[in-house]
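As recorded in TrEMBL:
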type     : residues : note
DOMAIN   : 87-226   : domain 'Sodium/calcium exchanger membrane region'
DOMAIN   : 394-540  : domain 'Sodium/calcium exchanger membrane region'
TRANSMEM : 76-101   : transmembrane segment
TRANSMEM : 121-139  : transmembrane segment
TRANSMEM : 151-173  : transmembrane segment
TRANSMEM : 179-198  : transmembrane segment
TRANSMEM : 207-227  : transmembrane segment
TRANSMEM : 329-350  : transmembrane segment
TRANSMEM : 356-374  : transmembrane segment
TRANSMEM : 386-406  : transmembrane segment
TRANSMEM : 418-443  : transmembrane segment
TRANSMEM : 455-481  : transmembrane segment
TRANSMEM : 501-517  : transmembrane segment
TRANSMEM : 524-542  : transmembrane segment
C-alpha cells in the first residue's frame with residue numbers, strides 16, 4: 001500500500017470507519033439454535049450438540065439431536081419422514097390429552113364444584129383455571145434459566161389473546177347463553193387493567209421486587225373481589241341462577257342420588273369386592289362397544305392401555321358411576337403408585353439415584369401408613385366422608401399427567417419451529433400458545449357441549465388473569481433468587497406490546513358487546529371475537545414475513561445476539 005495515499009486518505013478523513021464491538025468472538029454455546037440453518041449440512045450435528053439453546057426445548061427426549069444427528073439431514077426424504085413422524089407423535093400426544101380430559105378431568109372438576117356448591121362462574125375462574133393453568137405456569141420456569149423473558153412474556157400474552165378471543169368464541173358458537181354481570185364485568189375490567197399495567201412494567205425493561213409483589217397482590221385483590229361479589233349475590237338470594245346441575249354426556253340433567261349408593265343400582269347389589277375392582281379396571285361396557293360405530297370401536301380398543309395405566313395412577317370421580325366412582329381397593333393402589341410416579345418424573349433429573357431410592361422408600365412407608373388409615377375408616381359400599389378430597393386429588397393428579405404430556409408436545413413443537421426457522425416471538429404467541437392451551441380447548445368444548453357454557457366462558461376470562469399475574473410473579477421471583485438481586489432485566493420482545501394491545505381491545509369489545517346485547521352471549525359476539533383473532537394472526541404473519549415490523553423494545557427477531565455483527569443490517 002502506498003503510504004502517501006494512506007496519509008492523504010487520513011488527512012481527508014475518507015477512510016471507512018467501523019463501530020467498536022463489545023465482543024469480537026462469540027461462544028458457540030451462546031448463540032441461538034436457529035443458526036443451525038447457517039452452517040453446512042455435515043456440521044449441523046456438531047452445532048446442535050455444542051449449542052446450549054438447542055437443548056432448552058428438550059424434555060425427556062432430545063428431538064433436535066434426533067433430527068440432525070440420528071437422522072441424516074442431508075437426505076431430504078429421510079429428513080421429511082422424520083418430521084412427519086414427529087407430527088404423528090404430536091397427534092398421538094394430543095389424543096392422549098383429549099382422552100384424559102374427557103374421561104376424567106372434566107367429571108372431577110364438576111364433582112368438586114358441585115360438592116363445594118360453587119356456581120359456574122366461581123368454579124370457572126378458580127377451580128378450572130387452576131387445573132388448566134398450573135401446568136403452563138410450571139412449564140415456563142425452565143425458560144428463565146437463560147433470562148429469556150421475551151419468550152415467556154410473549155407466550156403468556158399470546159395465550160391470553162387466544163383464550164379471550166378464540167376459546168371464548170368457541171364456547172359461544174356452541175350455544176348462546178345468558179351472562180350474569182356480577183363476575184364477568186369485574187373480570188373484564190381486571191383483564192384490561194392487567195394488560196396495560198404488565199406491559200408498563202415490561203416496557204421499562206427493569207422489574208424489581210415492588211413490581212413483582214404488585215402482581216401477586218393484584219391477583220389476591222381479584223380473588224377477594226370475586227368472593228365478595230359471590231357473598232353479596234348469596235344474600236340477595238339469586239345465587240341459584242348459576243348453580244351447577246349435573247348432566248350426562250348428552251347434556252341431560254340426572255339425579256346424582258341414583259348413583260350415590262351401590263344399592264340404588266340393580267346390577268351392583270350383590271357385587272363382591274373383586275367385582276368392584278373389576279368394575280374399576282373395566283374401561284368400557286360390552287353394550288357400549290357393540291353400539292358404537294367402527295371408528296369409535298377402534299378408539300375404545302386403542303384406549304385400553306392408556307385407561308388401565310390411568311386407573312392404576314388416579315381415582316375415578318364421576319357422578320354417573322356407582323358410588324360416584326369410589327373404589328376402595330383401587331384407591332389404595334393409587335395411593336401407592338401415584339407418589340412413586342410423581343417422584344420419578346419430577347426428581348429423576350435433579351438428584352442422584354441413591355437419594356431417589358431413599359425418597360421412594362419413604363414414599364412407600366408413608367403410603368402404607370395412609371392406606372391403613374383409609375382401610376380402617378372407609379367401606380366398600382359407601383363413599384367416605386373425604387371423597388371430595390379424592391376429587392381434588394383426581395383433578396390435580398390428572399392435570400399433572402397432562403402437564404407431562406404437554407411438556408413433550410411443546411418440546412416437539414419447539415424443535416419443529418426451529419427446523420422451520422420461525423422466530424421465537426411469532427412461535428410463542430401462536431403455535432406454542434395453541435399447544436399450551438390444548439387442555440383448555442378440549443375442556444371448554446366438552447363443558448360447552450354438555451351445557452356448562454357459563455363455566456367455560458368464565459374460565460376463558462379468568463385463566464389469563466391467573467397466568468399473567470401468577471405466572472410472571474413466579475418467574476420473576478425465581479429469577480431474582482437465582483441471580484441474587486432484587487432488580488432483573490426483562491424484555492417484552494417485538495410482539496409483547498402488540499399482544500397487550502389486542503388483549504385490551506378484545507376485553508373492551510366483549511364488555512361493550514355484552515352491554516349492547518343485555519348480557520346475552522350471542523353468535524354475533526362469537527363472530528366478532530373470531531374476526532379479532534384472525535386479524536391478530538394476520539398481523540403476526542405479516543411481522544414474521546417482514547411485511548411489517550412488530551412494535552416492541554426488541555427489534556431483533558433472533559434475540560440480542562449478533563445485532564452488531566450482521567453486515568449491511570438496517571438500523572430501525
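Cβ coordinates come from backbone N, Cα and C, glycine included.
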Surrounding residues of the transmembrane segment (329-350) on its own chain - C-beta under 8 Å, 6+ positions past either end: 273, 276-277, 280-281, 311-315, 356, 359-360, 363-364, 366-368, 370-371, 374-375, 390, 393, 397, 400, 404
The transmembrane segment (455-481) vs the transmembrane segment (179-198): 3 or more CB pairs under 8 Å: yes
Cβ pairs under 8 Å between the transmembrane segment (76-101) and the transmembrane segment (524-542), at least three: no
Most Cβ pairs under 8 Å with the transmembrane segment (524-542), selected from 151-173, 207-227, 386-406: 151-173
Contacting positions for the transmembrane segment (386-406) when only residues 6+ beyond its ends and CB under 8 Å are counted: 93, 96-97, 100-101, 104-105, 108-109, 111-112, 115-116, 127, 131-132, 134-135, 138-139, 310, 313-317, 324, 326, 331, 334, 338, 342, 345, 435-436, 438-439
Residues of the parent chain within Cβ reach of the transmembrane segment (501-517), under 8 Å, 6 or more residues beyond its termini: 157, 160-161, 164-165, 168, 179, 181, 184-185, 188-189, 191-192, 195-196, 461, 464, 524-525, 528-529, 532, 536
Same-chain residue ranges lying at least 6 outside the transmembrane segment (151-173) that approach it to Cβ under 8 Å: 136, 140, 143-144, 191, 195, 202, 424-425, 428-430, 432-434, 436-437, 440-441, 444-445, 447-448, 453, 456-457, 460-461, 463-464, 467-468, 471-472, 475, 490-493, 495-496, 499-500, 502-503, 506-507, 510, 521-523, 525-527, 529-530, 532-533, 536
DSSP-derived helix, strand and coil totals, residue by residue, for the domain 'Sodium/calcium exchanger membrane region' (87-226): 123 helix, 6 strand, 11 coil
